[in-house]
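Participant: Questions regarding the structure given below will be posed in turn.
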There are 6 protein chains.
Amino acid sequence: MRNDGRESNQTRPVLITAHYIKHAEGSVLIEVGDTKVICTASVEERVPPFMKGQGKGWVTAEYSMLPRATQVRNQREAAKGKLGGRTMEIQRLIGRALRSVVNLQALGERSITLDCDVIQADGGTRTTSITGAFVAMAFAIDKLCKDKKLPKYPINDFLGSVSVGVVGDTACLDLNYEEDSRAKVDMNVVMTGTGKFVEVQGTGEDAPFSRRELDELLELAESGIQSMIRQQEAVLGPDISARIRSGSSAGNRE
Amino acid sequence: MRNDGRESNQTRPVLITAHYIKHAEGSVLIEVGDTKVICTASVEERVPPFMKGQGKGWVTAEYSMLPRATQVRNQREAAKGKLGGRTMEIQRLIGRALRSVVNLQALGERSITLDCDVIQADGGTRTTSITGAFVAMAFAIDKLCKDKKLPKYPINDFLGSVSVGVVGDTACLDLNYEEDSRAKVDMNVVMTGTGKFVEVQGTGEDAPFSRRELDELLELAESGIQSMIRQQEAVLGPDISARIRSGSSAGNRE
Amino acid sequence: MRNDGRESNQTRPVLITAHYIKHAEGSVLIEVGDTKVICTASVEERVPPFMKGQGKGWVTAEYSMLPRATQVRNQREAAKGKLGGRTMEIQRLIGRALRSVVNLQALGERSITLDCDVIQADGGTRTTSITGAFVAMAFAIDKLCKDKKLPKYPINDFLGSVSVGVVGDTACLDLNYEEDSRAKVDMNVVMTGTGKFVEVQGTGEDAPFSRRELDELLELAESGIQSMIRQQEAVLGPDISARIRSGSSAGNRE
Amino acid sequence: MRNDGRESNQTRPVLITAHYIKHAEGSVLIEVGDTKVICTASVEERVPPFMKGQGKGWVTAEYSMLPRATQVRNQREAAKGKLGGRTMEIQRLIGRALRSVVNLQALGERSITLDCDVIQADGGTRTTSITGAFVAMAFAIDKLCKDKKLPKYPINDFLGSVSVGVVGDTACLDLNYEEDSRAKVDMNVVMTGTGKFVEVQGTGEDAPFSRRELDELLELAESGIQSMIRQQEAVLGPDISARIRSGSSAGNRE
Amino acid sequence: MRNDGRESNQTRPVLITAHYIKHAEGSVLIEVGDTKVICTASVEERVPPFMKGQGKGWVTAEYSMLPRATQVRNQREAAKGKLGGRTMEIQRLIGRALRSVVNLQALGERSITLDCDVIQADGGTRTTSITGAFVAMAFAIDKLCKDKKLPKYPINDFLGSVSVGVVGDTACLDLNYEEDSRAKVDMNVVMTGTGKFVEVQGTGEDAPFSRRELDELLELAESGIQSMIRQQEAVLGPDISARIRSGSSAGNRE
Amino acid sequence: MRNDGRESNQTRPVLITAHYIKHAEGSVLIEVGDTKVICTASVEERVPPFMKGQGKGWVTAEYSMLPRATQVRNQREAAKGKLGGRTMEIQRLIGRALRSVVNLQALGERSITLDCDVIQADGGTRTTSITGAFVAMAFAIDKLCKDKKLPKYPINDFLGSVSVGVVGDTACLDLNYEEDSRAKVDMNVVMTGTGKFVEVQGTGEDAPFSRRELDELLELAESGIQSMIRQQEAVLGPDISARIRSGSSAGNRE
């Protein structure tokens, strides 16, 4: 039994509030247990310099925590004058993951920036950000569709993410902060709605892990991610969900 | 009639949600119309180097906007690697204002940092931050009292803030973004519960203003601030409010 | 009686040396008591990116202190690698104040940068900078007129500034450093030659102030500023002064 | 057949030159094909602030590329004034990986910094850095042993790393730059001499991958890493190698 | 004949105003032709970390130009967020030169910072800074002597500096800006009152120079520097000058 | 007799390995005793903004040391976030020196960046960098010639550099680290193959030096540099060497 009463293969309660920020083209507040992240999608009709003139779009992400999202206050990165390594690593991961299910050609020469701002942290902030940012992005793309800016629907597949880890001797799904700080092996997995891996990042800093443990964690992750994706479908509604599913079946990958 | 149907002497609806962030010693979500700010108060048992060894405490503030709090996405200051002038000016103002009602001697050698993070902006973010941060600070100080860490109650008086300005030819209370961008004169006022000025910052970049206009704006501000303070009392409850009021009557200023 | 023998409503001696730096389009050394500031106006035939293509000009300011302008040496901001909050706040104030009396349309698509470098500080450096920068700017604009670059004279009005404050229980005009460090209320006021307010910035960090105190300070400020403006007229000479005065009477505000 | 004539399950030639830099406590030049990295281990008799007073040591890494290690010259990060996200991600990975085989308690309150400087890049620079840094660290620890500074041998196990990926439709071992830039799936694996995983980082930005592909890549990685570890043994010599092997058998993990 | 009417072996007029900044322990305004530099000497009763506990003092320098010291306005280094290479090179030179005539042992564990701020530039700003900073330092040391803080007089010798260069085909002394920008060879020389070299920095970026040209330039420099030193003696007065001269004769070098 | 057995007028053994880095247009590993520097020349078909449209090329240099090139590990400048004064001074020197023998007109509107990365340091890193960078540049220019991009050969003369200094009472050639740290006078000299000075930088921070000492050091430097240039000729081969020599005899200076 886990410290919050869950079974080892259970996620925490998930709540996704749509259209949380009025100015953004797409936005959600996603809550996974006590981890709360505001995800906004901002569309701009230009791409970064290295993408110019290719007729393709770009999807990128930024990640931050409010100073008091955590138990002890953290100094702001703006005050320090630079982004930390952890922040950069996470925002590179979020951007890469989201691009894996977007047909950049179909997006046209415009960019979508996903801002993931953690307002309260209790473990799994990067995986929660990915799950929430996918929904914010889907809303922003829906707005582009309604504005008749996209000749072809650019999302290929659903995308969700969870953390898994070995706590004590047990493989557990969706670690909270207390579990995460005790875990011997820690793994973040990103998968598509059709069950393919986009990112597998496992680390055994405190204890190397066997192939058998790896297999067990990957199975837990798969079930957790499919549960996250069912929540995404519920908040996006049947129309948007159907377009995403047909994207994946049509294989409209770039 | 104003663009949102208000009279010139009306504030927007105010909503203060207490204890919004579980980790912070004090916290609120304050909403003034569509302007929404998360204010957290973090207590640390140490003071900055320049205050060491004086037996006194310190109160300071930091202010930030999420990138998509505004109509057009702003680049993060953490990504730019430095704080802008506007941010620094605002956080200096918030800290100075709050210190004006705190007896730093009575606080003891500890510091309270107020983080004001604007998650959605529609005008008046700095004045809303001050009004909200006062409540978060009062909750954090209440916790210190309950933990028996304070021999003497350190808050002297209530503290609230609103913006006022001349829009068209009319002096208006609590400008929203659309009004603020058209205003010829723009003034931020901070006052105590007993009706004294803590900050008066008026600027007529687009049109210098007469003494008569100044007087009219100050009167509007006073009525708006007393209305904000009634909201603070409601959310803090009768016990904390009574302690603050007795602080101001006892004249326990440092 | 004040520590330097002045009455409460007296300014310190004011000395403005014209054309102090040979390379600048306009320049002065302004001395108000022991506060000494070099103000230069640099004209460039381009505007910042955000102003491009509007057919209007721009006026901006930068402010700095030499490391040993003060009693204790301050570290250079260039060595620290960033501007402090106080510097940014002051240079934003100076720029905003000067723009309030310039018709940017009449200036044409060019910019004037006012550099205010404090070589010796004894209180009132920001207000002295504004008073001096106005003269430097007027000289630079006069040069543009003589070069036949301006179809219409762009200055609307004179502009001066002083500090006032409550020292002990007395409202005093033009505080020196010793007074400033003891003042309970501190206010910087910027006014035009025709007696309108451009900036009113009062702060009572150490003691909130009443409406009566505010009124008393504003009156002192007005008399001090008109005295500063008489000094500006003397150094600019009758021709330039007449053009500025006719600007204000003609109401040639943009 | 691959572009350099290798079979899909072959690594490039590996050459490790011991004691390459005379000042460092341990150092190698490691060459894997045309990828060349100088790895130095620097021992300091102190630990970072967050580790002080715990009686434990610390192992950390820094990673950099010379500007012309690559086909097109890259701007120096020192000239840009900040480390890029890729650099930070890589140096965090190297440090974490090395710490996984070191008993920090046995190291005592001292730190070892591994500097991995890529002088020529042709794919796999991060995995080559890990393989080389392990040898440099083992030499530095051997010096500490000879100086009688370590009561207990602190290395638990060998540690090697390779990249694997899906190029075209083929799973390949040890990708060179040309292969890496075409790979649909890219994975970096770090393993111990006893065959346990320390890091598994797979990414399918261009194409999500199936569980079967993942399994195939992990098998290739395992064979490649054991081959790297045989090279490490050869250069470290029988005495040091025996101590490392007995460390892993004795289970002297912290 | 040179563009300002001088002979090739003549310096420009030199004017040194003592005690120019009231707060500094020593200060001058030095004018060499139209080049004007404020030099202040600040004494602090501590040394930088790398000098601690050695019982010796430290002398260092900082150099800056006001933005409009030059014909075209330069961006402030504080605004750019970093010191340029030229600034760093110059301030390292000034500090090194001054230390060469100070017995750091005799100074005791305190430091003197020489701030050289160019308010108007017309060539030779670094050599003028050295000549002026020496005087400011001598005044500050005189104040330490009067305060009975120095058991032994710490200055060994006078120190002056000039620039020389080959303009057209003529070796010239003390180049102004127009000459400097045309010079094929440019040399800065620092010498002591007793005629020894402290720094010789010659550069022939536009045209390598022969040994004969080098010899000619060194002779011009020597005569110019001795003339600068006579100005220093005049402003320092007979008492301080005598102490410096006896320092050099006594050979009280550290 | 010197600490490594050399006579006062002997250089250390010099070894230049051509084409050390495969990606660069020109590259060498230069070893002067235990000082080892990788020099790469990178050609880019564009010039910096300040050179645009003049039909001329540009030659610039960057210099860095690996953290453990020295006896004690140095923090990376990339980690500190800024270049130190010493680094900037050295890279300005290297660039200036190389430009003195290149006809920038003949180079055409392209730039060559010389990266000098010290992998092991034992004194004389800046002079060794210049000597090595000249060879790397000559190789890169030879490649441009072979690619028929240069109508006229742009190198005017050979260029070499050594350090000299007064150690104890003896003038010595090519100081190693131990000698350099004891030297009273330290001088870096850069000369052309035809025996003209490009840079003379002598400093007597610890002891001013006489004209006679200066003359002695210059003679030693000349002999050392001509020996360095013979090594350059050997590695460049007779064809390239002949072109450089004819450049100097033809006087094809820009």
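A Cβ is built for glycine as well, from the same backbone N, Cα and C atoms used for every other residue.
Sharing the record's features from TrEMBL:
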- C:Arg86, C:Gly124, C:Thr125, C:Arg126: phosphate binding site (BINDING)
- C:10-138: domain 'Exoribonuclease phosphorolytic' (DOMAIN)
- C:158-223: domain 'Exoribonuclease phosphorolytic' (DOMAIN)
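Locate each feature and note its surroundings.
Facilitator: According to DSSP, C:Gly124 (phosphate binding site) is assigned to coil rather than to any helix or strand.
On the 0 to 100 pLDDT scale, the model's mean across the domain 'Exoribonuclease phosphorolytic' (C:10-138) is 96.
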Participant: For the recorded phosphate site formed by C:Arg86, C:Gly124, C:Thr125, C:Arg126, which further same-chain residues have Cβ atoms within 8 Å of the site's Cβ center?
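Facilitator: Residues close to the phosphate site, other than C:Arg86, C:Gly124, C:Thr125, C:Arg126: C:Tyr63, C:Ile90, C:Val118, C:Ala121, C:Gly123, C:Thr127, C:Thr128, C:Ser129, C:Asn188.
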Participant: What's the number of neighbouring CB atoms sitting within 10 A of the CB on C:Thr125 (phosphate binding site)?
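Facilitator: Step by step: centre on the Cβ of C:Thr125 (phosphate binding site), count other Cβ atoms within 10 Å, giving 22.
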Participant: Using a 10 Å cut-off, grab the number of neighbouring Cβ atoms around the Cβ of C:Gly124 (phosphate binding site), all chains included.
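Facilitator: That number is 26.
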Participant: So how many of the residues in the domain 'Exoribonuclease phosphorolytic' (C:158-223) end up helix, strand or coil by DSSP?
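Facilitator: Helix, strand and coil residues of the domain 'Exoribonuclease phosphorolytic' (C:158-223) number 19 helix, 29 strand, 18 coil.
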Participant: When secondary structure is assigned with DSSP, how many helix, strand and coil residues does the domain 'Exoribonuclease phosphorolytic' (C:10-138) contain?
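Facilitator: Each residue of the domain 'Exoribonuclease phosphorolytic' (C:10-138) counted once, the result is 40 helix, 41 strand, 48 coil.
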Participant: Please work out the number of neighbouring Cβ atoms within 10 Å of the Cβ of C:Arg86 (phosphate binding site), leaving out its own Cβ.
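Facilitator: That number is 14.
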Participant: Using only the residues recorded as binding phosphate (C:Arg86, C:Gly124, C:Thr125, C:Arg126), report the maximum Cα-Cα distance in Å, whole number please.
Facilitator: 13
Participant: Could you tally the C-beta atoms, other than its own, that fall within 10 angstroms of the C-beta of C:Arg126 (phosphate binding site)?
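Facilitator: A 10 Å sphere around the Cβ of C:Arg126 (phosphate binding site) contains 23 other Cβ atoms.
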